[in-house]
Ligand SMILES: [Zn+2]
């Protein structure tokens, strides 16, 4: 039976039992892109996240029992805010996609258990504290967070700070190398690094191909039935690969089955329009893509889809099976184009299901100050960036 040290009052005995039961069931389930974390209630969400971490041996690497790992997950959830999009659900969704990338699309053949553990912890914590207002908003309104964490990647730096505090509280990941890499990965989720990460992906293609060939040759001549360790990629290249995978998962909402993609779009557009409303109230220039009187959900979605397509095309060069993301992106674009033509209302509507699960998870959340957005908002913070996006469109998209 799971027993908690820090969060004894947050879950009832029955909830703990439910988590444990579901966790054991999840250990043998196949992962699929059809899995929608937004359909999970709070206990199922914990069980799901816990099973992904345990299946990836994170507890062994971090030297934590499964109960201690659950305690850590609950504390992480507690530090996520009530922003419409940047919740603990977003964090677990990113962890889910990373697990899929690693295990089903074979990205993990280049990564050690330590690499994967660092990657999953960074993914779980990458938006901790995010208040639903972007880095640009923090800087332009001179928030306390901008003052404290600087004007470069303000919110990601804040998330790093909260993550390190939690790792210390749970007495794990003491190594400087491990902590520095977690920090590196969280900071790299700032959308400002989007183009840089495409370059890193393109640079890795050759090295990954070499590693694949070398690994397959070694396996051919080996009498051992175990997989070869990922010795053919340097530590630096493996960290670069982790950055690329984490960013891919973080921007993958548009590249998912339509029903899931639409739900996440509803949430991010709600968050953007809230910021736009706040900027209007303060008589500020409203950030691109955040003015509910000018922008529509389909137009925002189409622009973001066009922005991320080249990224997923680069990912295909690394892992051919990731073409599934490109396929969903293209199919979803058709849906958004149709909605755009029908001039759908810009205001998104949140389904009862999402509202219910969000309030479930909010029941364990504390109110935390400001933070940023890693998706379209940061990418569209200025008109200049929009211009770059347009220039980056592939002709096949037009
Ligand atoms: Zn994120």
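Note that Cβ sites are derived from N, Cα and C of the backbone, with glycine treated the same way.
Listed in TrEMBL for this protein:
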ACT_SITE  86  active site, proton donor
BINDING   90, 126, 127, 250  Zn(2+) 1 binding site
BINDING   127  Zn(2+) 2 binding site
DOMAIN    15-343  domain 'PDEase'
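With the fewest other C-beta atoms within 10 Å around its C-beta, 250 stands out among the binding-site residues 127, 250. Each of the binding-site residues 90, 126 was ranked by the number of other C-beta atoms within 10 Å, and first place falls to 126. This prediction places the mean pLDDT of the domain 'PDEase' (15-343) at 93. Just so you know, the Cβ of the residue listed as 'active site, proton donor' picks up 29 other Cβ atoms within 10 Å once every protein chain is counted.
Among the binding-site residues 126, 127, 250, the residue whose Cα lies closest in space to that of residue 86 (active site, proton donor) is 127.
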